[in-house]
Amino acid sequence: MSIDASPSESVLESQTPDRVDESIPIKAEETEKDAAPGRDIVGFRWLLVCIAVFSANLLYGLDNTIVADIQAPIAGDFNEYTRLGWLGVGFTLGSVVFILPLGKAYAIFDTKWLFLGCLTMFAAGSALCGAAPSMNAIIVGRVWAGAGGAGMYLGNLNLITILTTPKEQPVYVGLVGLIYGTGCILGPIIGGAFSDSSATWRWSFYLNLVIFGVMSPIYVFLLPSLPRPAGEGRSFFKKLVELDWVGTVLSAGMHISIILFIVFGGVEWSWTDGRNIALYVVSAVLTIAFVLSQYFCIGTTKQDRLFPGEFLRDPTMLLLYIIMACGGAALFVAVYYIPLYFQFVHGDSGIMSAVRLLPFVCFYVATILLCGYVMPKTGYFIIWYLMSGVFMLIGAVLMYTVKLDTSPSNVYGYSILMGLGMTTTQAAYAVGPAIVTPDRVAECLQFMNIGQGQSQLLGLAIASAIFQTKTLSGLTALLGDKGYSQVDIQSAVAGAQSTLMERLPPALKTAALKVIVSSISDVYVMAISAGALYVVASCLLPRRRF
């Protein structure tokens, strides 16, 4: 199905007039080379710019998962165990809420200064997390850092696309996805290292400030000012007014109410509580209102509306969106819950449990690199997607079977299969632009960003709700009549090193661990579902070269 062309929202469209005369045929290779000059930034300056820009992307990936191994010490310091899920969900919530309006903003505001503004937001949120005096403060910091991080990620895509030549763009855009994914899987390792050291978990967040400070001179002095042609001739306030504020408010309310419903249900209050029912109704109403606002362009225009909904009418783009979402959800389940299993069952420290994630990490990185190099040469992306989905499904099913007495080597093997299943999680950033018209590439990238962000947000929220609800109910049934308080039981959910787990008699501790391991297994049901949908969607992809 064809997609009607409309003005691109980001850098790729605005870059075209500067580099390629639109009257020149796209397939005229020699003419295209003449029309596409080399990079304006070269040599050592280009190296420094790449290091600085990609380091921001790495930090964004790290902060997505860095709390996976430090939730227990954070909850212990603040004596807050029922809000553990917010440490991971808060960051992705901020990212998802802001990624759509920021994507529009990058189309009309100076890319350099908007990128710096988002970096500053991220640093401020990280500073609040590091110095947080309470759990509420750290949650606010995580949401704020996530909002800035979304802008950093979009800024990476925009900066790289502006500053590179058309021939270089696929390689550098692929690096953006690879570095982000690498950051995601290294997050638990770095967080665990800080948590187990004298620096404490707070330096997991202060690290961002150090790197931001070191790279700031490069951002300020070596990055050129990059005003967008689409925003020329209009004042700052005129540009602000043209953003889709109706869609932004409805999108924020929709995502926040959905996450509150999922995270609070069964933990802060029961699923049938009136407050939870109210949140469910509000989220449904806001979702319908958002869809209608985008379909009828209420308070905006088709060009300026927040969500590129026309891609949903294209079967291939819709399938890529679904695949992107399934991969993101399964990735976060593995990164968060493999280390948690080893902490509980083997009593591992934060750093040791994260080290046990290395088989998954190594195969993930290796296959992402292999896919990025080989898949464009073969052209038949359906094969790569299908194989990836099969490995993801098999790995998730095997992780579901893990019990208290499963050997570590078996868990490593299962995690490797899941790592192989992540091969194409970033491939849509290359496949999508190859199947849309050139003037829709920027919107395509934004479309994929939305799928990735929403899947991570919902995946983390649902996984946290499953684990906390089932573990709390199971441990309460096991220990509630044996003199242990609800606070003690909640602390056990936070980590294996809780005082309750340490003082339980051996037989009772084994029974408690079986409850916890069973809850972790149930989390993988979501990954199994994602893997199955991944396989089905892959089978429906077009059987042609790209």
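Our numbering is plain: 1 for the first residue shown, then up by one each step along the chain.
Cβ coordinates come from backbone N, Cα and C, glycine included.
Annotation source Swiss-Prot lists compositional bias 'Polar residues' at 1-15.
Under the heading compositional bias 'Basic and acidic residues', Swiss-Prot lists 16-29.
The region 'Disordered' annotation in Swiss-Prot covers 1-29.
Sequence annotations record features per position, and here Swiss-Prot assigns transmembrane segment to 41-61 (among others) based on sequence analysis.
Feature annotation from Swiss-Prot assigns transmembrane segment to 113-133 (among others); the stated evidence is sequence analysis.
Residues 54, 57-70, 153, 156-157, 160-161, 164, 201, 204, 207, 331-332, 335-336, 339, 350-351, 353-355, 357-358, 360-361, 364-365, 368-369, 372, 422, 425-426, 429-430, 433, 445 of the same chain lie 6 or more positions beyond the ends of the transmembrane segment (171-191) yet place their CB under 8 Å from a CB of it. According to Swiss-Prot, the transmembrane segment annotation covers 171-191 (among others).
What Swiss-Prot records for 203-223 (among others) is transmembrane segment. If one looks beyond the transmembrane segment (203-223) by at least 6 residues along the same chain, the residues whose Cβ comes under 8 Å of a Cβ in the stretch are 41, 45, 48-49, 51-53, 55-56, 59, 63, 66-67, 70, 112, 115-116, 119, 122-123, 126-127, 129-130, 141, 145, 159, 190-191, 194-195, 197.
Residues of the same chain lying 6 or more positions beyond the ends of the transmembrane segment (245-265) and with a Cβ under 8 Å from any Cβ of it are 85-86, 89, 93, 96-97, 100-101, 271, 273, 275-276, 279-280, 282-283, 286-287, 289-290, 293-294, 298-300, 305-307, 457-458, 461-462, 464-465, 469. If you look up Swiss-Prot, you'll see 245-265 (among others) marked as transmembrane segment.
Annotated transmembrane segment per Swiss-Prot: 277-297 (among others), in sequence order, evidence recorded as sequence analysis. Long-range contacts of the transmembrane segment (277-297) within its own chain (CB-CB distance under 8 A, at least 6 residues past either end) are made by residues 246-247, 250-251, 253-254, 257-258, 260-261, 264, 305-307, 309.
Under 8 Å from some Cβ of the transmembrane segment (318-338) lie the Cβ atoms of residues 64-65, 68, 88, 181, 184-185, 187-188, 311-312, 356-357, 360, 385, 388-389, 392, 396, 399, 411, 415, 418-419, 421-422, 424-425, 428, 431-432, 447-448, 450-456, 458-460, 463, 467, 520, 523-524, 526-527, 530-531, 533-534, 537-538, 540-541, all in the same chain and six or more residues away from its ends. Residues or ranges marked as transmembrane segment by Swiss-Prot: 318-338 (among others).
A Cβ distance under 8 Å defines the sequence-distant neighbours of the transmembrane segment (350-370), meaning residues of its chain 6+ beyond its ends; these are 68-70, 73, 178, 181-182, 185-186, 188-193, 195-196, 334-335, 338-340, 342-343, 408, 411-413, 415-416, 418-420, 422-423, 425-426. The feature transmembrane segment is assigned by Swiss-Prot to 350-370 (among others), with sequence analysis given as support.
Swiss-Prot lists 379-399 (among others) with the feature transmembrane segment, giving sequence analysis as the kind of evidence.
Summarising the annotation, Swiss-Prot assigns transmembrane segment to 416-436 (among others) and lists sequence analysis as the type of evidence.
Within the same chain, residues 64, 84-85, 88-89, 92-93, 95-96, 99-100, 103, 150, 153-154, 255, 258-259, 262-263, 265-267, 307-308, 311, 317, 320-322, 324-333, 336-337, 428-429, 432, 493, 519-520, 522-523, 525-526, 530 sit at least 6 positions outside the transmembrane segment (447-467) and bring their C-beta atoms closer than 8 Å to a C-beta of that stretch. Per Swiss-Prot, transmembrane segment is recorded for 447-467 (among others), and the stated evidence type is sequence analysis.
According to Swiss-Prot, the feature transmembrane segment maps to 515-535 (among others). Only residues 6 or more beyond the boundaries of the transmembrane segment (515-535), in the same chain, are considered here, and those with a CB under 8 A from a CB of the stretch are 322-323, 325-327, 329-330, 333-334, 337, 340-341, 344-345, 385-386, 388-390, 392-397, 399-404, 418, 421, 459, 462-463, 466-467, 470-471, 474-475, 478, 492-493.
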**Request:** Could you tell me what the rest of the chain brings near the transmembrane segment (416-436), counting residues at least six beyond its ends with Cβ under 8 Å?
**Result:** 3, 170, 173-174, 176-178, 180-181, 316-317, 320-321, 323-324, 327-328, 330-331, 334, 359-364, 367-368, 370-372, 375-376, 381, 384-385, 387-396, 398-399, 443-445, 447-448, 451, 527, 531, 534, 546
